[in-house]
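Trainee: The structure follows.
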Amino acid sequence: MAAHAGGLRNTAKNTAKNTAKDTAEDTAGGRATVRIEGLVRSFGERRVLDGLDLSIATGEFVALLGRSGSGKSTLLRALARLDHDVAGSGVLTAPDHVSVVFQDARLLPWKRLLDNVVLGLDGPSAEQHGKDALAEVGLAGRERAWPVELSGGEQQRVSLVRSLVREPRLLLADEPFGALDALTRIRMHALLRRLCERHRPAVLLVTHDVDEAIALADRVVVLDRGRIAADLPVDLPAPRRHGSTAYAALRGRLLGHLGVELGETAP
Amino acid sequence: MSTTSTTSTTGTTGTTAFGTEEAPAADAPVTTARRARPGRGRKRLGPGRPVRYGWALGPLLLLAVWAAGSGLGLFDPRSLPAPWTVAGTAGDLVAEGRLQSHLATSAQRALLGLLFGVAAGLVLALVSGLSRLGEAVIDGPVQIKRAVPSLALIPLLILWFGIGETMKVVTIALGVFVPVYIHTHNGLRTIDNRYAELAETVRLGRWAFVRHVVLPGALPGFLLGMRFAVTGAWLALVVVEQVNATSGIGYMMELARTYGQTDVILVGLVVYGLLGLVSDALVRIVERRALSWRRTLAG
Ligand SMILES: Nc1ncnc2c1ncn2[C@@H]1O[C@H](COP(=O)(O)OP(=O)(O)OP(=O)(O)O)[C@@H](O)[C@H]1O
Ligand SMILES: [Mg+2]
């Protein structure tokens, strides 16, 4: 248990040298919500992040691709300041107001839905906001349900609501739809896009699904050997159809950066 | 249980929950009809729905065996009087007011011991669960105490506190705090670390973290500890009252032993048994209400 409690003890023993101040609205470098320079994170001898640079503009939606074990979660946890005992260095500027969507919905099983959504918020307006937000994702009337009574997709919707209802300036999502079936995924994509358009946070979405990245993001970056190996804008016309040549070209380039030759996937 | 027994006969025909099996056309209607009733055609491995009044079944059976044995003259009435004799004696004791006064004394001791024991166990578990330093200081001594039966401490406690009420309450409390500590502490340590991460990302303060995550997360462990604690309190009570007491159910039984009144001893035993059963049932009711968010085999 002391481990959890220790987890809340924030800075004192933090070996990672974050210079994580809440950035003033616009830093000198432009409208950046996140600025990372020369970020290093290592586990033992292994440098998982090795001088990584990345910045995310205000309201920008960035998808992060990378092979399994390339350090995507490590980067995300650094941004969320969850990497207390990890060795590292570098400059990392991120807002204090960060929300995280985990791969598992991570609802507290002993709290009813609404209490999960407004966890850590107070005031009567929070409750109302929570209710409205639940209604927004099609869970009106379920405020008093227990998390075990929900399907996986419903739980993930609640978790999305929980992170957006606190109007974060930065939304971090680590394979939030990884555990969902294809159909629910498509619905969740539409939902996420709608919610993001409404609340306009900067988003960093970790995924290993190239199509998901293209469908959602303004920009796709690929993490490889501890650095950003590719940084490609997604400027496709509005309905991003699988069939279009621009789509196929982008998809091919991304897969190439991930080490998958197109010949292997498309015969 | 009824569900399990009825389905076990049909379960062998191999209907799958997904309905992907290729049944011969002639069998098809039968298969569909069976599938239309929820959960049929598949042997259930969980224990199934609870039996109504199931908790009373075992004790009633025991009583029936006792009554039958006495009625048939299988038991020597001097060693084991019949249930009705015991009931009569209990009636007399109540009429004289002795049973109530002994019971009141015993209950007071048990409750005081329980109160102090639970409070101590809970506070120690929280301190040791929430800080590494606290754990280093507290956990070792508690484990040592755990290895020493509280009853073995009675001689020492008598020297320290005399033979009065204090000694009795302290003995009970010492027996009670160990299971409360152990199970609450275990509950605290097994809270998923992911919930602590979540608490950090929604920026809960330390106290809010304790209130929203730690305490509810440790509640199942604490309640389990409570179940051991209430039974333990009555057990410790028996001993302290038979060692050195001038009142209480245990004293009443001890006195009856010197006069060879087996029926009074049995009244005492039954009262102890009922107290244990009732207090365990109370904790279980609290458990069911407080943990309604859980869906386990216990239902
Ligand atoms: N707590 C830890 N201790 C030691 N090594 C770790 C730890 N966390 C991550 N690593 C290592 O760092 C590397 C990157 O892990 P990370 O979880 O960031 O990968 P990822 O890109 O998120 O992979 P995936 O797509 O499979 O989730 C892995 O090789 C992993 O073994
Ligand atoms: Mg990962």
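In case you wondered, yes, glycine gets a Cβ from its N, Cα and C as well.
Pasting the feature list from TrEMBL:
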COMPBIAS  B:1-16  compositional bias 'Low complexity'
COMPBIAS  B:23-33  compositional bias 'Low complexity'
COMPBIAS  B:34-45  compositional bias 'Basic residues'
DOMAIN    B:99-283  domain 'ABC transmembrane type-1'
REGION    B:1-45  region 'Disordered'
TRANSMEM  B:53-75  transmembrane segment
TRANSMEM  B:110-134  transmembrane segment
TRANSMEM  B:146-163  transmembrane segment
TRANSMEM  B:169-188  transmembrane segment
TRANSMEM  B:209-230  transmembrane segment
TRANSMEM  B:264-286  transmembrane segment
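Could you give the neighbours, burial and distances for every feature on this list?
Mentor: Within the chain, the transmembrane segment (B:169-188) has long-range Cβ neighbours (under 8 A, six or more residues past its boundaries) at 109-110, 112-114, 116-118, 120-122, 124-126, 128-130, 139, 142, 145-146, 150-151, 153-154, 157, 161, 214, 217-222, 224-226, 228-229, 232-233, 235-237, 239-240.
Within its own chain, the transmembrane segment (B:209-230) is flanked in space by residues 114, 117-118, 121-122, 125-126, 129-130, 176-177, 179-188, 190-192, 195-196, 199, 276, 279-280, 282-284, 286-287, 290-291, 294, which lie at least six positions past its ends and keep a Cβ under 8 Å from the stretch.
Residues 55, 59, 80-81, 86, 89-90, 93, 99, 103, 107, 110, 223, 226-227, 230-231, 233-234, 238, 249-250, 252-253, 255-257 of the same chain lie 6+ residues outside the transmembrane segment (B:264-286) yet bring a C-beta within less than 8 angstroms of a C-beta in it.
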